[in-house]
Structure formats: structure tokens, C-alpha cells
Amino acid sequence: MSKSTDELFKNVISHAKEYGFVFPSSEIYDGLSAVYDYGQFGAELKNNIKTYWWKAMVQMHDNIVGIDSAIFMHPKIWKASGHVDGFSDPMIDNKDSKKRYRADQLLEDKIASLIKEAVDEAKNKTNQKYNTRIELEEQIDNEKSTVNLFNEIVSGIDINAGEHRYINTPGGKSEAFNWFTHLILESDYFKKAIEANTKLNEHLKNEDLVGLKDLIIALNIKCPVSGTANWTDVRQFNLMFSTQMGAVADDADVVYLRPETAQGIFVNYLNVQKSGRMKIPFGIAQIGKAFRNEVIARQFIIRMREFEQMEMQYFVRPGTQKEWFNQWKEARLKWHLALGTDAAKYRYHEHVKLAHYADAAYDIEFEFPFGFKEVEGIHSRTDFDLSQHEKFSGKKMQYFDPEVDPETGKPYGNYVPYVIETSIGLDRMFLLTMINAYEEEDLSTEEKQDSRTVLHLHPCLAPVKAAIFPLTKKDGLPEKAREIMDKLKIDFNIQYEEKDAIGKRYRRQDAIGTPFCITVDHQTLEDNTVTIRHRDSMQQERVPADQLDKIIGDLVSWRNLLK
RNA sequence: GCGGAAAUAGCUCAGCUGGUAGAGCAUCAGUUUCCCAAACUGAAGGCCGCGGGUUCGAAUCCCGUUUUCCGCUCCA
């Protein structure tokens, strides 16, 4: 990060606070870490971003509907979704290097390296004994594949039955290969690894943090950075917030604050499908808050404990997920670019390591001053979520598809739909919009140094659509200006200002991104025309006052973004 | 959570080797002004982050603490 971009980010943050966009939460009580409040203009801007999304997703698609599900949900939902297990990681710190690790990953790595020792040893011995060259294929001769090999051996899969996957011997796999696997299974390294693996799984299952630490000590695992085994205790990091439901403390059940809005959609999939008579493919959209106890939550509103998501889950026929995935990937980037953002600031990032539920995943990333960061994710979630809920709830999540498959000539029939998810972080989108709009413009001439800070917000998103100024606050100009404002404020968010020099008022509106300033002068009293000044060009034009609603209406119309 | 830095008016900061708290902008009340900031007069605004210690005396020195920033660690 260069000095100047670093500076830019800081300036945007202080601008956001100074002009009523974003305030630190509970500031008068020293603040609450990683929680922020949206101020008077921030709330407007945020609402406008939501409206843009909702219109683009729901209003513009006749097969997508929106819901608003509760933040509290049945605790079993989070078991089904995998959040209860996946969202609480055992962590351990090395006291010398100050590095933090996931305890389970440290152990898995150690187990993998033990297996590798066993395999290498067996390989060498086999090569000696049979005077042959057994080579592990390249693709499995690394740690990850070693773990796979290990898992297959452990789970009793007969590797002899497989193809030439593990061993590449010129003379076939028969005797040398058997000897090789025999050596592995007999190896002390391997036995140690199996034992460690068994214990690891046991401790994880029982949430035995002490056991995990003991195991790390017993295996003499060292920090890769400091090289010491000077570890802290293993601690549990719960990434879900919990609270109690029920007024009487004794009877209260633990419920979680949802860590994502998606599950609210999945558990209502049947309700929406039936009550709306939805036909596949169809989508369910939702905007709502979600909560995550991040280990480190920083960098302003990019990572908050309480945040808002705009998600759409698109239910499709199995086998068609790839096409839909690609289609939504394109469509979502278009939504971003329609705002006029420089396309070079966006990029796709493909997930190489996929989540347990996904068969494809792309992020849309934006170049923030501190680097490219995910703003939106498009994930192909397969039928994982609905199948899980089918399993945990016992309710059938199937859809009967009466359409005829042209290949078989029969209807597609019953299936659990596949899901394409588009999920955008509203707060990140907000920050992106602010950063992208923010400019410190140098307006200096030879005679005079001058500058202005301006938010080049898209007129559709601007918190205030227009400001009305009487040129001076006498001669009946304020009255005339208020008269014009009263007509406009029915349709638009309007501000009235009469204090300070006209130039200063223009600059104040620039700072909050108001696209248009309307000035009432003496000529207005004569012929009912006003000047309208455009934020970005600073150019003025004189127009009839009674056409303002149409002129402004056209300029801030959603048509400009959605067409 | 660890390490480093910082915290003084709404904002940006000054305040020396301890001696009663300062500026500019912003705000408020007026004056001036027919189109792009910083014109004139006046007013208000501070437990110098919080707690302790040293001292006759602490914004200033010491210790602790909180918050923020910058790194590291985590993030389907």
C-alpha cells in the first residue's frame, strides 16, 4: 500500500464520519470494537444501494421473489448447515513467534508429514529390495495427496484394486506394490500417525481442548517460525453469537444470531415455492443482517461483527447449475459496472479450494486502497443445503418437474434442486461506493489556490438528490425557494440552505454527493426560472422552475441503472 | 490475541528542559455579498482518553488501562 492510497482510505473514513455517513458504535463510551452505525446520509446511501439491488434482482426478474426471514432460527438449522462445527475452531498461539494457528491444522499437518515419512521409507526399501524404480506420481507426491492416500488406507480401501494411481512401476504393480503397502502399514511412522489421527478426531468430537494441546506436545509439534514448542493453551473461537430465548432464565434455550442470511431462504424454500407456485428455475432474494464473531475484525466497515448481506438463492434443475452459475457470474458484474465504476477496479477471483458444499465458486473483487477484496460471491452450492435440511428436518425438499426431458421423452420428475447463490456484502458495497466516489479535486488557478472534496455518487444512489438555495436571504428569495422545495420534496430527498456564501453551500453539497443544486435569484421572481448546477462539471444551466420535477426525475431515475 | 505507534475544542494540529490551555477551520448571533471555500464584528466551545504515582505544582515525567491506527495470526 502506497502512502497516498493509505492516506486516501483514511480520508474517506474521516470524511464518512465528519459528514454523517458512518459513526463508530457507542462512541461516547469509547466505542465497541468492529461495530459501526450509519448516520443520516449513510442510512440514505445504504437504502439506495439496497433499492438498486432489490429492483435489479426482484423487480426485474419475474421468477425471483424477496423475503425477510427472522434473525433467530431453530438451533438445528446451524447443525444442518455445518456452521456449528465449521464455525468454532480450536486455536493455539506460539509464545515465541506470536503466531496463531488452528490446533487441528497443526495436528493434521504433523500427521501428513508422518505419513510422508512412512511412504518415503517404504519407497526406498522397496526400490532396494526389488532393484526397481518405484516413483510416486508427481500429483500425489506432496503433502495433500499424502493425506488422501492416508485416508484411503485408513478407511480400508484396497489400493491394489485401484488403477496405477499410487505407484508407477515399469513392470506393473504386483509384488513390489504389495510389499510397498505392507511396509507402509507396518511402519512406526504410520502407526503413530493413525494413533494421532484417531485421538485428534476424538478430541475434536468431544471438544477436548486440553487433549488437543496434550497431543500437540506429545507429537513434539514445533512452530514453523520460531521452531519452539512453547505453546499457549488451546482456546475455542466461537464465530457464532448466541443468546437465550425465553423470558425465564432456567427454561431459556440457546439460539444463535444467524451468521448468514442464506439459511433463512433455504428453510423457507418449500413455503415460497408452494405459496408462490414457483416453477424451477426460480430465485429467492433477501436483504438482512448477519453476525459473526470474527477473530480479527478491522479495516473499518469491511469486516464487522454485525453486517448486512444481500443474497439471492437461485434454484435450478440438477445438471444445469454450470450454465446458471456462469449467467449469474456475468449478470452480477454487470450490476456493479452499471454504476459507472472503472471496470479495471473489478476482477473475478476463482476459489481453488472449494467449500464442502460447493462445486464452483467465484468472488467479485474490488480494488480497495488496501488491495483487492471480496465484495460479492457467486457460489454453486449444489443440493447440499436442501439435502441437509431434508435430512435434519425430515421434510421432503423435492420438487416435481413436469417438463419433458428431450433426451428421454419423459418428465424430469422429482429431485432436490441445485442452488446458485449470489451473496454481496452490503457494507462492503457501501464502502466501495464511498471510496470510488471520493475525490479531492484541485481547482487552483494561477491567482488562487482552491480545492474541493466531492463525492461523485451515481445520482440514483446520492442521499440528497438536490439542494435549493436562495442566492441571498432577503428580497423574498427564501420564500420563493421554499415554495419550489415544497413541490419537489414529495418526490425527492431535498435540502434547503440559506446560510453562508453560495460557493460554500455548493461545496458542502459536493461533500455529501448531492448531484444538483438549484439556485433561486432575482430573475426567478421575474420569469420563474432557476439555475441548476451539476455537481461533477460544476456547470450551470437556467431552466424553468416548473420543469424541475421532470428534469431531476429523469436524471435520478432508476431507469438509468436498470435499463 | 501479540508487537509497534498514537490519543489536546466538532475537524486539523501547536503546546520546549514540568509553572493558570492555544491557532486555523467548523459552529452560533449579527454585518456584507447577484453564482463556487477560507470578508468583517462578536460569542460559545476543553476533566489534555481514563486511573494511579512522582512533585509545592503534571497536557508535559513514570506505571497501569481503554480506544484507534499499522503489522502478524483467523476468516465455507
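Just so it is clear, glycine is given a Cβ too, placed from its N, Cα and C backbone atoms.
Quick caveat, the model's predicted, so the values are computed rather than measured.
According to TrEMBL, the substrate binding site annotation covers A:R102, A:E260, A:F307, A:E308, A:Q309, A:M310, A:E311, A:E421, A:T422, A:S423, A:I424, A:G425. Secondary structure from DSSP puts A:I424 (substrate binding site) in a beta strand.
According to TrEMBL, the domain 'Aminoacyl-transfer RNA synthetases class-II family profile' annotation covers A:200-470. The average pLDDT computed for the domain 'Aminoacyl-transfer RNA synthetases class-II family profile' (A:200-470) is 87.
Residues or ranges marked as ATP binding site by TrEMBL: A:292-294, A:302-307, A:374-375, A:425-428. Neighbour density for A:V375 (ATP binding site): within 10 A of its CB lie 21 other CB atoms from the protein chains shown.
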Can you tell me how many other Cβ atoms are located within 10 Å of the Cβ belonging to A:T422 (substrate binding site)? 24
Do you know offhand how many angstrom separate A:R102 (substrate binding site) and A:R428 (ATP binding site) by C-alpha? 27
Between A:T422 (substrate binding site) and A:R303 (ATP binding site), find the distance joining the two CA atoms and give it rounded to the nearest Å. 19
Given the binding-site residues A:R292, A:R303, A:L426, which lie close to A:Q309 (substrate binding site), meaning Cα to Cα within 10 A? A:L426
When neighbour density is defined as the number of other C-beta atoms within 10 angstroms of a residue's C-beta, which of the binding-site residues A:R292, A:R303 has the lowest density? A:R303
